[in-house]
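According to TrEMBL, the transmembrane segment annotation covers 35-62, 68-93, 105-132, 138-162, 196-218, 224-247.
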Amino acid sequence: MTLYANDEELAEDLEETGWKCIHGDVFRHPKYKSLFAACLGSGTQLLTLTVFIFILALVGVLHPYNRGVLLTALIVIYALTSGIAGYTTTTFYCQLEGTNWVSNLLLTGCLFCGPLFLTFCFLNTVAVAYTANAALPLGTIVVIVLIWALVSSPLLVLGGVFGKNRKAEFQSPCRTTECPREIPPLQWYRGTIPQMAMAGFLPFIAICTELNYTYASMPEKHDLLAAILAAKEQGIGAILAFAMAYLRGRYNGGAFTKTVIDATMCAIIA
């Protein structure tokens, strides 16, 4: 009996590591819950958009050399899937005990469309200045804005209202501690900026090395390779999110939302 008692006392003195160390902080609500839910909603919408585009391409509706039909399908499907983004982001935001769900919907609607619109305006202005054929006329731009205002935005709000009414209580697999644990200081290479750089450039180097030989062996299949690149980037981004969550979880159990930034850096640099 004395031997077993000494073993238990020795086990209590040892520092807990791994899951035992962070299980009480893993499912703690993130600090920027509105931004986190907006990223989840926009990502779900873009994933749905990608799946529909691949399905239409597989059944023969879309062709890589008919870019007009592809761009039209992207705009229409994105507008029709806005309700999915509104439902997902509001449901998850309410599960995180968020109160201002209207601002969350506005953030979700502008999170992807805002940077995309600014980039489009810059590129279209440059194309108009150089009188390039890629420049869109004013009438087409007005039609796109009307589709966003009259179709996408109402569906986003409708999905948000439906998600708010169908919200469910968040049930974590384990109990969350009331007081967050003290986080030890990290080395400089485990900070946010170095982790973002590593999360972006390592997959980028790997993809570039693979595609360099692929493009050299298949010089006339660039459209097919672009689809393969998009699918590969999504898979690598998902795997990278798991890997970065594991690396961060060993030292900082309450900062798992930063893995969203890490996966985003992989997509931006790619």
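Note: Cβ is positioned from N, Cα and C throughout, glycine not excepted.
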Stretch contact, the transmembrane segment (138-162) with the transmembrane segment (68-93), Cβ-Cβ under 8 Å, 3+ pairs: yes
Same-chain residues at least 6 beyond the ends of the transmembrane segment (68-93) whose Cβ lies under 8 Å from its Cβ atoms: 33-34, 37-38, 40-42, 44-45, 48-49, 52-53, 56, 61-62, 101, 104-105, 108-109, 144, 147-148, 151-153, 155-164, 166-168
